[in-house]
Each structure stands twice: as structure tokens, then as C-alpha cells.
């Protein structure tokens, strides 16, 4: 079936309207009318071929929310009319250790929502900057937020799970001191989630202008990471630090803030590598630096349910489909609080 979308035909061209083809629903498929799609910084990197392997036409978008309009005859979990979401994963091998553990995000054959090989036309997946999507029911997520919050739920499908998964894995909660480095699309979700989990949350920023905003998001304390005295006041005190900053920076500034056995987890994907950290800062206190990538389907559903229970959504700015190129330029300038979301109804305007 032919539908409307927005994508790019090359790395050097702006995004533009295009027609794409979606498969007809199979026995286990769910067909979703997309209401809103979040704009992730990785969309920009991929569509401009700043990350290797982009294939064109490229239709980005992996923060998808909408309503079920049709299901295959073997679908058991969903029915037409249900509010649902699709995140970064639309398929995986389903039988490896990672898939059996519900960690499809680490499956070696995980299929991303866009720019991954697929038997469907045109040979690679096309994302949520489009009217509809057809997905196997295993990778569809139920949304329990009220309809009026649906647009602000969209970024939870990437920014939400990217921060929730490491916070849960490293057991953020009451009695734990948790740092969140960066107050952007990822960081603002990390602050909200860590606060809701009951941790003592310290936000790190290089911008004095973000100090009050971080407190409003739920931070108990805010530190200007360029202020040596403020940083020194927190030496050897953190159980866990969630580092959301993608730009290369000095990791040693933050590893020294960890307690013995503390961990700093990186979730920002840098275009160029970070400088190697000072190993003695790690071995002298058995500190660790780790990484984390989105989350599996069961954990993503858990995150959505947690957010619905605690009234958590992203802080967003709604845009029309014809404003995506402008939104990309604004993202590069850091001119967004904190996530753009496309109103997909405007694809037909």
C-alpha cells in the first residue's frame, strides 16, 4: 500500500515529501495509523550519513505513537482502536539468548525501525515520518497514558527507554545518589525518571541558564560542571552517573565523582571518540564505565507503564511535517526544550 512520508534521497539533500510502500499486514502484524513521531538527534545523524551505512531513500523516525487500524488473524494482544507505540526495534531473530531474555536490542540480528535490511520494499526499513507502519505484534507497545498526552509520549519510545534501562539496571532508587550529565532530550528524561524512582538526583550542566529548569524537572541539586568548586564538593559521592552527552568531553571529570564501586554509564553516541579515561581513577576505587543502548521490548513496556503510573511524559514542541528541516537546524543549535514531535496528520497538508 502506498502512503505519504517525509525523507531524504541523499545525505546532501533536505528532507522532502515522498510516497513509500508498506506491506499488507500478515497473520502476526499490526497496522498502525501514526499520530505523532518524535524527532531524535540520531535521525539527523543517520539521514545526513554522519553515521556509516545510511541507505536511501531514508525515512527516519523511531518514536512512534498512534492507533491500531487493522490486525492479522493470529494477533492476540491488540485490536483496532488501541493506542500503541513503536520504538527503535521492529524485528529480531527471536531465538538467540538476548531475544529469549527479552533484550532484543542486543540481538545481533535486530532490525531497526529505519535503515535496516528487510524483505519489504525498498529493501530497508522506513521509519515513522510517515502515515502508517506495519509491525509484528511482538514489537508493538501498549500505551496507557490518556489520549491528550499521546504526543508527549512519543519521545519515551527512545529517550525514555534509553535512560530508564540503565537507571533500572544499576538500581537507581531510594538511598542512591544519581548524577545526570546533560539536560537535553535524553537528560531531561533521565532526571524525571531518576526522581520518580526515588533517587537523590544531581543534574550536571555547563549552562547556568539551565539551573532552574533542571530543578523543575526534578533535580535535587544542579552543578555547573565548569565550576571546579561545585564539582569538588561531590568527589567520591555518587552511586551512579548517567552520562547523556554525545559530544566528546573529559570523562575523568565525572569518574572522580563516583564512590568505590560506582558506575558511569554512557548513552550519548559521539560522532568522534572520547579521550581515553585515566585508568588509575578507575582501578583505585573499582569504578566502572559502561554503555547502554535503548532497551528490550519487555523493559520498554515496563517503562511506558511506569511513566503512565507516575504521570511522566517528555517536554515537547510540536512541529508540522514541513518544519522538520528547520527543526534539525535548531537541534544543532540546541534550540529545543526538549524534544520535537511531528504531527503526522500534517503529512497530507
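In case you wondered, yes, glycine gets a Cβ from its N, Cα and C as well.
These come from Swiss-Prot:
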- 40, 62, 158: Zn(2+) 1 binding site (BINDING)
- 93, 96, 99, 107: Zn(2+) 2 binding site (BINDING)
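Annotated features, which come from Swiss-Prot, shown on the structure.
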| residue | record | DSSP (3 states) |
| --- | --- | --- |
| 40 | Zn(2+) 1 binding site | coil |
| 62 | Zn(2+) 1 binding site | coil |
| 93 | Zn(2+) 2 binding site | coil |
| 99 | Zn(2+) 2 binding site | helix |
| 107 | Zn(2+) 2 binding site | coil |
| 158 | Zn(2+) 1 binding site | coil |
### Query
Which binding-site residues from the set 40, 62, 158 come within 10 angstroms of residue 107 (Zn(2+) 2 binding site), judged by C-alpha positions?
none
### Summary
Densest Cβ environment (other Cβ within 10 Å) across the binding-site residues 99, 158 belongs to 158
### Message
Within 10 Å of its Cβ, which one of these binding-site residues (40, 93, 107) has the largest number of other Cβ atoms?
### Response
40
### Query
Could you give the Cα-Cα distance between residue 99 (Zn(2+) 2 binding site) and residue 158 (Zn(2+) 1 binding site), in whole Å?
19
### Query
What other residues of the same chain, not counting 40, 62, 158, have a CB atom within 8 A of the CB centroid of the Zn(2+) 1 site?
38, 42, 43, 61, 63, 87, 88, 113, 155, 157, 159
### Residues near residue 62 (Zn(2+) 1 binding site) in space but at least six apart in sequence (CB under 8 A)
40, 42, 43, 86, 87, 88, 112, 113, 114, 127, 128, 157, 158
#### Entry: residue 96 (Zn(2+) 2 binding site) CB neighbourhood, other CB atoms within 10 A
16
